Amino acid sequence: MNQPWRTHLQTKLKQLHEQGQYRNLHVTEQAEETWLIRDEKRMLNLASNNYLGLAGDERLKEAAIVCTRKYGTGATASRLVVGNYSLYEEVERSICNWKGTEKALVVNSGFTANVGAISSLACRHDIVFSDKLNHASIVDGIILSGAEHKRYRHNDLNHLEALLKTASPEKRKLIVTDTVFSMDGDTAHLRELVQLKEKYGAIIIVDEAHASGIYGIGGAGLSHIEKDLAQKIDIHMGTFSKALGCYGAYLTGDAIYIEYLQNMMRSFIFTTALPPSTLGAVQKAIEIVQEDHKRRENLIANGEYFRSKLREAGFNIGNSSTHIVPIVVGSNENTLRFSKRLQEAGIAAIAIRPPTVPVHSSRIRFAVTSQHTIADLKWAIDRITHIAKEEELFV
(Lines of atoms letter the chains of each structure in order from A and count residues from 1; the text may use other names and numbers.)
(Lines give C-alpha, C1' and ligand atoms only; values in the text may rest on other atoms or scores of the structure.)
Protein backbone atom coordinates (compact mmCIF):
# COMPACT_ATOMS: atom_id res chain seq x y z
CA MET A 1 0.00 0.00 0.00
CA ASN A 2 1.11 3.57 -0.68
CA GLN A 3 3.04 4.58 2.47
CA PRO A 4 1.88 8.23 2.78
CA TRP A 5 -1.72 7.06 2.57
CA ARG A 6 -1.14 4.26 5.08
CA THR A 7 0.44 6.69 7.55
CA HIS A 8 -2.40 9.18 7.12
CA LEU A 9 -5.11 6.54 7.65
CA GLN A 10 -3.36 5.00 10.65
CA THR A 11 -3.03 8.45 12.26
CA LYS A 12 -6.72 9.21 11.74
CA LEU A 13 -7.81 5.83 13.13
CA LYS A 14 -5.57 6.30 16.16
CA GLN A 15 -7.15 9.71 16.80
CA LEU A 16 -10.63 8.18 16.64
CA HIS A 17 -9.62 5.56 19.22
CA GLU A 18 -8.12 8.19 21.52
CA GLN A 19 -11.21 10.42 21.25
CA GLY A 20 -13.64 7.58 21.93
CA GLN A 21 -15.13 7.97 18.44
CA TYR A 22 -13.98 4.73 16.81
CA ARG A 23 -16.91 2.69 15.50
CA ASN A 24 -17.30 -1.08 15.17
CA LEU A 25 -19.89 -3.17 13.37
CA HIS A 26 -21.85 -5.63 15.52
CA VAL A 27 -23.75 -8.61 14.16
CA THR A 28 -27.49 -8.18 14.80
CA GLU A 29 -30.34 -10.60 14.18
CA GLN A 30 -34.10 -10.18 14.55
CA ALA A 31 -33.74 -6.38 14.51
CA GLU A 32 -37.31 -6.17 13.20
CA GLU A 33 -38.57 -7.61 16.49
CA THR A 34 -39.13 -6.06 19.93
CA TRP A 35 -36.32 -8.26 21.25
CA LEU A 36 -33.22 -8.70 19.08
CA ILE A 37 -29.97 -10.66 19.16
CA ARG A 38 -26.80 -8.53 19.15
CA ASP A 39 -23.41 -10.19 19.40
CA GLU A 40 -25.30 -13.40 20.34
CA LYS A 41 -27.01 -11.71 23.32
CA ARG A 42 -30.79 -11.21 23.60
CA MET A 43 -31.70 -7.55 24.20
CA LEU A 44 -34.77 -5.34 24.34
CA ASN A 45 -34.67 -3.38 21.10
CA LEU A 46 -34.72 0.32 21.99
CA ALA A 47 -32.43 1.37 19.17
CA SER A 48 -34.18 0.77 15.84
CA ASN A 49 -36.22 3.08 13.61
CA ASN A 50 -38.86 0.40 13.03
CA TYR A 51 -41.33 2.67 14.83
CA LEU A 52 -44.56 0.92 13.82
CA GLY A 53 -43.18 -2.61 13.76
CA LEU A 54 -43.83 -2.97 10.02
CA ALA A 55 -40.38 -4.28 9.03
CA GLY A 56 -41.48 -7.77 10.10
CA ASP A 57 -45.12 -7.49 9.00
CA GLU A 58 -46.28 -10.52 7.00
CA ARG A 59 -48.31 -8.34 4.62
CA LEU A 60 -45.20 -6.43 3.56
CA LYS A 61 -43.22 -9.65 3.18
CA GLU A 62 -45.91 -11.14 0.96
CA ALA A 63 -46.12 -7.99 -1.18
CA ALA A 64 -42.35 -8.10 -1.68
CA ILE A 65 -42.46 -11.80 -2.63
CA VAL A 66 -45.27 -11.27 -5.15
CA CYS A 67 -43.36 -8.45 -6.87
CA THR A 68 -40.12 -10.44 -6.92
CA ARG A 69 -41.86 -13.35 -8.63
CA LYS A 70 -43.50 -11.05 -11.17
CA TYR A 71 -40.66 -8.62 -11.93
CA GLY A 72 -37.44 -10.27 -10.74
CA THR A 73 -34.87 -9.25 -8.15
CA GLY A 74 -33.43 -6.08 -9.68
CA ALA A 75 -34.60 -3.01 -11.58
CA THR A 76 -31.77 -3.58 -14.12
CA ALA A 77 -31.14 0.12 -14.81
CA SER A 78 -31.81 3.67 -13.71
CA ARG A 79 -35.38 4.91 -13.91
CA LEU A 80 -34.52 7.14 -16.87
CA VAL A 81 -33.29 4.15 -18.87
CA VAL A 82 -35.43 1.00 -18.44
CA GLY A 83 -35.78 0.77 -14.65
CA ASN A 84 -39.04 2.70 -14.35
CA TYR A 85 -41.43 -0.16 -13.59
CA SER A 86 -45.16 0.52 -13.37
CA LEU A 87 -44.73 -0.06 -9.63
CA TYR A 88 -42.96 3.30 -9.42
CA GLU A 89 -45.91 5.10 -10.98
CA GLU A 90 -48.29 3.35 -8.57
CA VAL A 91 -46.25 4.25 -5.49
CA GLU A 92 -45.86 7.86 -6.60
CA ARG A 93 -49.61 8.20 -7.15
CA SER A 94 -50.17 6.79 -3.67
CA ILE A 95 -47.76 9.34 -2.19
CA CYS A 96 -49.56 12.23 -3.91
CA ASN A 97 -52.94 11.00 -2.67
CA TRP A 98 -51.54 10.51 0.83
CA LYS A 99 -49.76 13.87 1.01
CA GLY A 100 -52.17 15.93 -1.10
CA THR A 101 -49.46 16.98 -3.56
CA GLU A 102 -49.24 17.29 -7.35
CA LYS A 103 -46.26 15.08 -8.12
CA ALA A 104 -43.84 12.73 -6.36
CA LEU A 105 -40.48 11.15 -7.06
CA VAL A 106 -39.31 7.91 -5.43
CA VAL A 107 -35.56 7.78 -4.82
CA ASN A 108 -33.12 5.33 -3.26
CA SER A 109 -32.66 6.73 0.26
CA GLY A 110 -33.28 9.71 2.48
CA PHE A 111 -29.61 10.63 2.30
CA THR A 112 -29.56 10.70 -1.51
CA ALA A 113 -32.89 12.57 -1.53
CA ASN A 114 -31.57 15.42 0.62
CA VAL A 115 -28.12 15.61 -0.94
CA GLY A 116 -29.57 15.43 -4.44
CA ALA A 117 -32.50 17.80 -4.02
CA ILE A 118 -30.63 20.58 -2.20
CA SER A 119 -27.55 20.45 -4.42
CA SER A 120 -29.76 20.53 -7.53
CA LEU A 121 -32.03 23.37 -6.44
CA ALA A 122 -29.46 25.69 -4.86
CA CYS A 123 -26.30 27.09 -6.41
CA ARG A 124 -23.54 29.55 -5.50
CA HIS A 125 -25.85 32.50 -6.13
CA ASP A 126 -28.35 31.32 -3.48
CA ILE A 127 -28.58 31.22 0.32
CA VAL A 128 -29.69 28.16 2.27
CA PHE A 129 -30.89 28.62 5.86
CA SER A 130 -30.55 25.42 7.87
CA ASP A 131 -31.32 24.45 11.47
CA LYS A 132 -28.08 23.72 13.32
CA LEU A 133 -29.28 20.20 14.23
CA ASN A 134 -30.43 19.18 10.75
CA HIS A 135 -29.37 15.77 9.47
CA ALA A 136 -25.91 15.31 7.93
CA SER A 137 -27.46 14.69 4.50
CA ILE A 138 -28.92 18.21 4.54
CA VAL A 139 -25.55 19.70 5.51
CA ASP A 140 -23.78 17.72 2.78
CA GLY A 141 -26.35 18.80 0.18
CA ILE A 142 -25.78 22.45 1.04
CA ILE A 143 -22.00 22.08 0.87
CA LEU A 144 -22.25 20.33 -2.50
CA SER A 145 -24.54 23.05 -3.87
CA GLY A 146 -21.95 25.77 -3.30
CA ALA A 147 -24.67 28.03 -1.90
CA GLU A 148 -24.06 30.40 0.98
CA HIS A 149 -24.83 28.38 4.11
CA LYS A 150 -26.53 30.17 7.01
CA ARG A 151 -27.05 27.95 10.05
CA TYR A 152 -29.54 29.21 12.61
CA ARG A 153 -29.51 28.13 16.24
CA HIS A 154 -31.68 25.09 16.87
CA ASN A 155 -35.37 26.01 16.64
CA ASP A 156 -34.47 29.68 17.18
CA LEU A 157 -36.91 31.57 14.97
CA ASN A 158 -35.59 34.97 16.06
CA HIS A 159 -32.10 34.01 14.91
CA LEU A 160 -33.46 32.73 11.60
CA GLU A 161 -35.38 35.95 11.00
CA ALA A 162 -32.30 38.02 11.79
CA LEU A 163 -30.37 36.06 9.15
CA LEU A 164 -33.20 36.44 6.63
CA LYS A 165 -33.38 40.20 7.26
CA THR A 166 -29.69 40.72 6.52
CA ALA A 167 -29.65 38.49 3.43
CA SER A 168 -29.29 40.12 0.03
CA PRO A 169 -32.75 40.66 -1.48
CA GLU A 170 -31.31 39.73 -4.87
CA LYS A 171 -30.47 36.19 -3.77
CA ARG A 172 -32.89 33.26 -3.85
CA LYS A 173 -33.54 31.84 -0.40
CA LEU A 174 -34.16 28.26 0.72
CA ILE A 175 -35.09 27.21 4.27
CA VAL A 176 -34.63 23.55 5.16
CA THR A 177 -35.45 21.68 8.37
CA ASP A 178 -36.07 18.29 9.86
CA THR A 179 -39.60 18.02 11.24
CA VAL A 180 -38.67 15.52 13.96
CA PHE A 181 -35.00 15.86 14.89
CA SER A 182 -33.45 12.42 14.80
CA MET A 183 -31.04 12.70 17.73
CA ASP A 184 -33.08 14.96 20.03
CA GLY A 185 -36.68 13.86 19.48
CA ASP A 186 -38.03 17.40 19.42
CA THR A 187 -39.93 19.03 16.56
CA ALA A 188 -39.60 22.04 14.28
CA HIS A 189 -41.93 25.04 14.55
CA LEU A 190 -43.37 24.50 11.09
CA ARG A 191 -46.14 27.09 11.08
CA GLU A 192 -43.74 29.85 12.14
CA LEU A 193 -41.15 28.68 9.59
CA VAL A 194 -43.76 28.88 6.84
CA GLN A 195 -44.68 32.40 7.98
CA LEU A 196 -41.02 33.45 7.73
CA LYS A 197 -40.72 31.78 4.34
CA GLU A 198 -43.66 33.78 3.03
CA LYS A 199 -42.52 37.03 4.65
CA TYR A 200 -39.04 36.90 3.12
CA GLY A 201 -39.83 35.27 -0.24
CA ALA A 202 -38.09 31.95 0.40
CA ILE A 203 -39.06 28.35 -0.34
CA ILE A 204 -38.98 25.59 2.27
CA ILE A 205 -38.03 21.90 2.24
CA VAL A 206 -39.03 19.71 5.19
CA ASP A 207 -37.46 16.36 6.03
CA GLU A 208 -40.19 14.09 7.42
CA ALA A 209 -37.93 11.03 7.76
CA HIS A 210 -38.83 10.42 11.42
CA ALA A 211 -42.43 11.66 11.13
CA SER A 212 -43.74 9.96 7.97
CA GLY A 213 -46.26 7.28 8.84
CA ILE A 214 -46.70 8.56 12.41
CA TYR A 215 -47.96 12.11 12.75
CA GLY A 216 -50.62 14.13 10.97
CA ILE A 217 -53.73 13.07 9.08
CA GLY A 218 -53.31 9.45 8.00
CA GLY A 219 -49.71 9.50 9.23
CA ALA A 220 -48.75 11.80 6.34
CA GLY A 221 -46.22 13.67 8.50
CA LEU A 222 -45.86 16.45 11.03
CA SER A 223 -46.62 19.04 8.35
CA HIS A 224 -50.05 17.41 7.95
CA ILE A 225 -51.21 17.97 11.52
CA GLU A 226 -52.97 20.98 9.97
CA LYS A 227 -54.05 20.54 6.35
CA ASP A 228 -53.55 24.15 5.29
CA LEU A 229 -49.97 24.05 6.63
CA ALA A 230 -48.96 21.10 4.44
CA GLN A 231 -50.11 22.95 1.33
CA LYS A 232 -47.68 25.79 2.09
CA ILE A 233 -44.64 23.50 2.19
CA ASP A 234 -42.80 23.60 -1.13
CA ILE A 235 -41.07 20.20 -1.01
CA HIS A 236 -41.70 17.32 1.39
CA MET A 237 -39.04 14.64 1.81
CA GLY A 238 -39.77 11.42 3.66
CA THR A 239 -38.41 7.91 3.96
CA PHE A 240 -39.84 4.42 3.70
CA SER A 241 -37.06 2.99 5.89
CA LYS A 242 -38.32 3.98 9.32
CA ALA A 243 -42.00 3.89 10.32
CA LEU A 244 -42.92 2.23 7.00
CA GLY A 245 -40.48 -0.61 7.61
CA CYS A 246 -39.06 -0.76 4.07
CA TYR A 247 -36.35 1.13 2.19
CA GLY A 248 -36.08 4.20 -0.03
CA ALA A 249 -37.44 7.74 0.10
CA TYR A 250 -39.66 10.23 -1.67
CA LEU A 251 -39.73 13.87 -2.68
CA THR A 252 -43.12 15.43 -3.32
CA GLY A 253 -44.66 18.84 -3.93
CA ASP A 254 -45.77 21.06 -6.80
CA ALA A 255 -45.15 19.48 -10.20
CA ILE A 256 -42.57 22.06 -11.30
CA TYR A 257 -40.23 21.21 -8.40
CA ILE A 258 -40.44 17.47 -8.99
CA GLU A 259 -40.04 17.76 -12.77
CA TYR A 260 -36.94 19.88 -12.20
CA LEU A 261 -35.45 17.33 -9.79
CA GLN A 262 -36.24 14.48 -12.16
CA ASN A 263 -34.12 16.23 -14.78
CA MET A 264 -31.36 17.72 -12.64
CA MET A 265 -30.83 15.56 -9.54
CA ARG A 266 -27.63 13.60 -10.05
CA SER A 267 -28.34 11.14 -7.22
CA PHE A 268 -31.55 10.20 -9.08
CA ILE A 269 -30.21 10.20 -12.64
CA PHE A 270 -27.00 8.26 -12.10
CA THR A 271 -28.14 5.31 -10.00
CA THR A 272 -29.94 2.02 -10.51
CA ALA A 273 -33.59 2.08 -9.47
CA LEU A 274 -34.89 0.36 -6.33
CA PRO A 275 -35.76 -3.34 -6.77
CA PRO A 276 -39.40 -4.29 -7.45
CA SER A 277 -39.69 -6.14 -4.13
CA THR A 278 -39.04 -2.90 -2.22
CA LEU A 279 -41.69 -1.01 -4.18
CA GLY A 280 -44.26 -3.72 -3.54
CA ALA A 281 -43.62 -3.56 0.20
CA VAL A 282 -43.69 0.26 0.17
CA GLN A 283 -47.07 0.33 -1.56
CA LYS A 284 -48.53 -1.99 1.07
CA ALA A 285 -46.95 0.02 3.92
CA ILE A 286 -48.48 3.28 2.67
CA GLU A 287 -51.90 1.60 2.72
CA ILE A 288 -51.39 0.22 6.23
CA VAL A 289 -50.19 3.42 7.93
CA GLN A 290 -53.23 5.33 6.69
CA GLU A 291 -55.66 2.73 8.01
CA ASP A 292 -54.00 1.37 11.15
CA HIS A 293 -54.57 4.20 13.62
CA LYS A 294 -53.94 1.86 16.56
CA ARG A 295 -50.24 1.43 15.77
CA ARG A 296 -49.72 5.18 15.61
CA GLU A 297 -51.68 5.74 18.83
CA ASN A 298 -49.64 3.04 20.62
CA LEU A 299 -46.38 4.61 19.49
CA ILE A 300 -47.35 8.08 20.68
CA ALA A 301 -48.57 6.70 24.04
CA ASN A 302 -45.39 4.66 24.52
CA GLY A 303 -43.28 7.74 23.79
CA GLU A 304 -45.20 9.77 26.37
CA TYR A 305 -44.81 7.06 29.02
CA PHE A 306 -41.09 6.55 28.41
CA ARG A 307 -40.32 10.28 28.43
CA SER A 308 -42.32 10.99 31.57
CA LYS A 309 -40.73 8.17 33.57
CA LEU A 310 -37.18 9.12 32.56
CA ARG A 311 -37.85 12.75 33.46
CA GLU A 312 -39.28 11.70 36.83
CA ALA A 313 -36.09 9.72 37.44
CA GLY A 314 -34.02 12.85 36.85
CA PHE A 315 -32.52 12.14 33.45
CA ASN A 316 -31.67 14.89 30.96
CA ILE A 317 -33.78 14.05 27.90
CA GLY A 318 -33.65 17.55 26.46
CA ASN A 319 -36.81 18.79 24.76
CA SER A 320 -37.91 15.42 23.41
CA SER A 321 -41.62 15.31 22.62
CA THR A 322 -41.75 12.23 20.39
CA HIS A 323 -40.90 8.53 20.24
CA ILE A 324 -37.18 9.42 20.05
CA VAL A 325 -35.87 9.91 23.58
CA PRO A 326 -32.19 10.70 24.25
CA ILE A 327 -30.43 10.55 27.58
CA VAL A 328 -27.72 13.18 27.24
CA VAL A 329 -24.59 12.06 29.08
CA GLY A 330 -21.87 14.44 27.89
CA SER A 331 -18.48 12.81 27.48
CA ASN A 332 -17.73 10.01 25.03
CA GLU A 333 -16.10 7.96 27.79
CA ASN A 334 -19.11 8.02 30.13
CA THR A 335 -21.55 7.43 27.27
CA LEU A 336 -19.66 4.37 26.06
CA ARG A 337 -19.45 3.00 29.60
CA PHE A 338 -23.19 3.55 30.13
CA SER A 339 -24.00 1.90 26.80
CA LYS A 340 -21.83 -1.11 27.64
CA ARG A 341 -23.52 -1.60 31.02
CA LEU A 342 -27.01 -1.31 29.50
CA GLN A 343 -26.19 -3.88 26.85
CA GLU A 344 -24.83 -6.24 29.48
CA ALA A 345 -28.18 -5.80 31.27
CA GLY A 346 -30.08 -6.75 28.11
CA ILE A 347 -30.97 -3.37 26.59
CA ALA A 348 -29.92 -2.46 23.05
CA ALA A 349 -28.74 1.05 23.92
CA ILE A 350 -26.34 2.56 21.43
CA ALA A 351 -23.89 5.37 22.21
CA ILE A 352 -24.29 8.33 19.85
CA ARG A 353 -21.16 10.47 19.65
CA PRO A 354 -19.72 13.34 17.58
CA PRO A 355 -19.87 14.06 14.72
CA THR A 356 -23.45 12.70 14.81
CA VAL A 357 -24.19 15.04 17.75
CA PRO A 358 -22.38 18.18 18.96
CA VAL A 359 -19.20 17.82 21.02
CA HIS A 360 -19.83 17.28 24.76
CA SER A 361 -23.40 16.08 24.12
CA SER A 362 -22.84 12.36 23.59
CA ARG A 363 -25.92 10.38 24.48
CA ILE A 364 -27.88 7.17 24.44
CA ARG A 365 -30.58 7.51 21.80
CA PHE A 366 -33.62 5.43 22.71
CA ALA A 367 -36.41 4.86 20.20
CA VAL A 368 -39.63 3.27 21.38
CA THR A 369 -41.99 1.49 19.00
CA SER A 370 -45.69 0.76 18.84
CA GLN A 371 -44.89 -2.89 19.58
CA HIS A 372 -43.32 -2.29 22.99
CA THR A 373 -45.54 -3.06 25.95
CA ILE A 374 -45.64 -0.91 29.08
CA ALA A 375 -44.08 -3.88 30.87
CA ASP A 376 -41.15 -3.78 28.39
CA LEU A 377 -40.61 -0.08 28.97
CA LYS A 378 -40.94 -0.30 32.76
CA TRP A 379 -38.41 -3.15 32.80
CA ALA A 380 -36.00 -1.01 30.78
CA ILE A 381 -36.50 2.14 32.88
CA ASP A 382 -35.78 0.22 36.09
CA ARG A 383 -32.49 -1.06 34.69
CA ILE A 384 -31.50 2.27 33.15
CA THR A 385 -32.05 4.02 36.49
CA HIS A 386 -30.24 1.34 38.51
CA ILE A 387 -27.17 1.35 36.25
CA ALA A 388 -26.99 5.16 36.15
CA LYS A 389 -26.96 5.23 39.97
CA GLU A 390 -24.30 2.53 40.15
CA GLU A 391 -22.11 4.40 37.68
CA GLU A 392 -22.83 7.70 39.45
CA LEU A 393 -23.61 9.29 36.10
CA PHE A 394 -26.54 11.57 36.87
CA VAL A 395 -29.26 10.09 39.08
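Cβ from N, Cα, C; glycine included.
Here the structure is a predicted model, which means the values were calculated and not measured.
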Task: Candidates Ser86, Ser130, Ser182, Ser267, the one Swiss-Prot lists with Gly110, Phe111, Asp207, Glu208, Ala209, His210, Thr239, Phe240, Ser241, Lys242 as binding pyridoxal 5'-phosphate - done: Ser182
Open item on the list: Using only what Swiss-Prot says about substrate binding by Arg23, Thr356, identify which of His125, His135, His293 is listed for that site too.
Closed with: His135
Open item on the list: Between the Cα atoms of Gly110 (pyridoxal 5'-phosphate binding site) and His135 (substrate binding site), what distance do you get, rounded to the nearest Å?
Closed with: 10
- [ ] Determine, for the pyridoxal 5'-phosphate site, the additional residues of the same chain whose CB lies within 8 Å of the mean position of the CB atoms of Gly110, Phe111, Ser182, Asp207, Glu208, Ala209, His210, Thr239, Phe240, Ser241, Lys242; present them in sequence order.
- [x] Asn49, Ser212, Met237, Gly238, Ala249
Task: Where the record names Arg23, His135, Thr356 as binding substrate, the maximum Cα to Cα distance in Å - done: 19
Open item on the list: Tell me which of the binding-site residues Ser182, His210, Lys242 ends up closest to His135 (substrate binding site) in space, Cα to Cα.
Closed with: Ser182
